[in-house]
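Student: In case it's useful when we look at the structure, here is the feature table from TrEMBL:
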type: DOMAIN; residues: 54-237; note: domain 'CAAX prenyl protease 1 N-terminal'
type: TRANSMEM; residues: 89-112; note: transmembrane segment
type: TRANSMEM; residues: 132-153; note: transmembrane segment
type: TRANSMEM; residues: 174-196; note: transmembrane segment
type: TRANSMEM; residues: 208-230; note: transmembrane segment
type: DOMAIN; residues: 241-462; note: domain 'Peptidase M48'
type: BINDING; residues: H310, H314, E393; note: Zn(2+) binding site
type: ACT_SITE; residues: E311; note: active site
type: TRANSMEM; residues: 323-344; note: transmembrane segment
type: TRANSMEM; residues: 364-385; note: transmembrane segment
type: ACT_SITE; residues: D397; note: active site, proton donor
Amino acid sequence: MEVVRLPLTFFQTQVQYLRQRFSWVATTPVNYKLYVVGASWAIWGFESYLQWRQYPHLSKKEVPQILADSLDQETFEKSQAYGRAKAKFGFWSGLYSRVLDTGILYYGMWAWSWGVADSVVQYYAPGTSHEIWQTLITCGIQMVFGIITDLPVSVYHTFWLEAAHGFNKTTPTVFVTDLIKGFFVQIAIGVPFLAAFTKLLRWAGDSFVPAVMSFLVAFIVVMQIIYPVLIQPLFNKLSPLAEGELRSRIEKLASGLNYPLKKLYEIDGSKRSSHSNAYMYGLPWSKHIVIYDTLIEQSKPDEVEAVVAHELGHWYYNHPMKLMLVSQLHIFAILTASSVFLHAPPLLKAFDFPDSVAQNPPMQLSFFLFQLLLTPAEAVISFGMNAISRYYEWQADEFAAQLPSRLKSKGFDEKDDMGERLGRALKTLHIKNLSTVWVDWLYSAYHNSHPTLMERLKALKGFETDSHAKSRKEL
Ligand SMILES: [Zn+2]
């Protein structure tokens, strides 16, 4: 027990110190609302600046050299037009959501919905305090408001933007049933989550950080298990990948790497869109690979195999686990910082809560409001997170390109051109998805979790020469 208690005590002392250092937070009035609104518009300004940098790239007339053999002028122009349409859509929908957010803050929607929730609770159970119910109703109001205000944006995106560029396969029926199913899934997960979270804060009091951390880790593990079994089947059909060349190629790769491949699926992505992809999920001892029907249709089996090899690279380097650790660290930092604000009446006052609530702030409310203060920090963090993710993508590409030589040493016979095949698959993916080919570096650093196509193709060429040089040395 000492092993656990010592670091916990040490951590508690640090939190105490932090709280003393920032004790003014509990007494000094600050115009947090103005700060949050200002910060959110500053970020909007920065994002618009990035779009302004990117836009000329979307107006370029010439196909990049590296794609000259596979991208014809007509398709290139289509992809540029699609890129410009997405950029305009991004600008207007971004502006719309900033205006909405500002309105929500200006009119004190948090305080208003907390008050409405209180009257509902008082109506059904007069004279009692049902903090959990009140929290659930407050968040429910925000959620319904979010769904309604988001509706015109997603209708426009699906039925105008995507449809105009030939991607939309979603019928109005699918759209509406998705919406209804999504609503109930949010309720089914959100209600127990929020109830447990509120109860946990109440129970753990000031030493809530380790308790909430353990709760979140357990939640993520449970979601990993129930998402593919209970939630995904509501939206998509996963069917076992048919016997044949592709299946036997992937099974061979998996056995060569001792990858615990449990199931290999094809997903009906084409039901909603003709965008294509592949991914994997599961627990360390039982992995599932899912390939979009659109990818199988658009590429040859040996090219799809190379895409799967890239996915296996993520597994080989433990990327999902590492990313989860980084995000745990992120959550840990947020929780620790939030402990300074948990008993701060000025925070609630700034967001229009009446004195009766602000004087003795419910911890979960302070926690939600504190999240708003983090807006600018989150924008900076997304630069870092994307940089990590891009590095991992580069590593997985390298893994795929060098996989044949790795397998040969184990007596497997695999053609040496995996990198080339991956390059071809990426080109096809890109061209069929009409993805943007010319990208501004700063725009990409902020927005992209993957290196650009041109960066990846160049890197793949480099890996190839690396692995040839290596095999020559071995000879
Ligand atoms: Zn990847």
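Backbone N, Cα and C define each Cβ position, glycine as well.
Bear in mind that TrEMBL entries carry predicted annotations, made automatically and left uncurated.
Mind mapping these onto the model and telling me what they sit next to?
Tutor: Sequence-remote contacts of a segment are chain residues at least 6 beyond its ends whose Cβ falls under 8 Å from one of its Cβ atoms, and for the transmembrane segment (89-112) they are 33, 36-37, 40-41, 44, 47-48, 51, 138, 142, 145, 149, 153, 156-157, 161, 348, 351-354, 357, 365, 368-369, 372.
For the transmembrane segment (174-196), same-chain residues at least 6 beyond its ends with a Cβ under 8 Å from one of its own Cβ atoms are 132, 135-136, 139, 143, 147, 151, 155, 158-159, 215, 219, 223, 231, 234-235, 271-272, 364.
Among residues of the same chain six or more beyond the transmembrane segment (208-230), those with a C-beta under 8 A of the stretch's C-beta atoms are 8, 11, 15, 189, 193, 196-197, 200-201, 238, 281-283, 288, 324, 328, 331-332, 335-336, 339, 363.
Neighbour density for H310 (Zn(2+) binding site): within 10 A of its CB lie 23 other CB atoms from the protein chains shown.
Taking a C-beta cut-off of under 8 Å and a sequence gap of six or more, E311 (active site) has these contacts in its own chain: A278, Y279, M280, I289, A396.
Within the chain, the transmembrane segment (323-344) has long-range Cβ neighbours (under 8 A, six or more residues past its boundaries) at 15, 18-19, 22, 25-26, 206, 208-209, 212-213, 216-217, 220, 361, 363, 366-367, 369-371, 373-374, 381, 385, 388-389, 392.
Same-chain neighbours of the transmembrane segment (364-385): 32, 35-36, 39-40, 42-43, 46, 105, 110, 114, 135, 194, 197-198, 201, 326, 330, 334, 337-338, 341-344, 347-348, 351, 353, 357, 445-446, 449, counting only residues six or more beyond its ends whose CB sits under 8 Å from a CB of the stretch.
Taking a C-beta cut-off of under 8 angstroms and a sequence separation of 6 or more, D397 (active site, proton donor) has the following same-chain neighbours: H310, G313, G419, L422, R456, A459, L460, F463.
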Student: If you skip the near sequence neighbours and keep only those at least six away, which residues in the chain come within under 8 angstroms of E393 (Zn(2+) binding site), Cβ to Cβ?
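Tutor: The answer is S449, H450, P451, R456.
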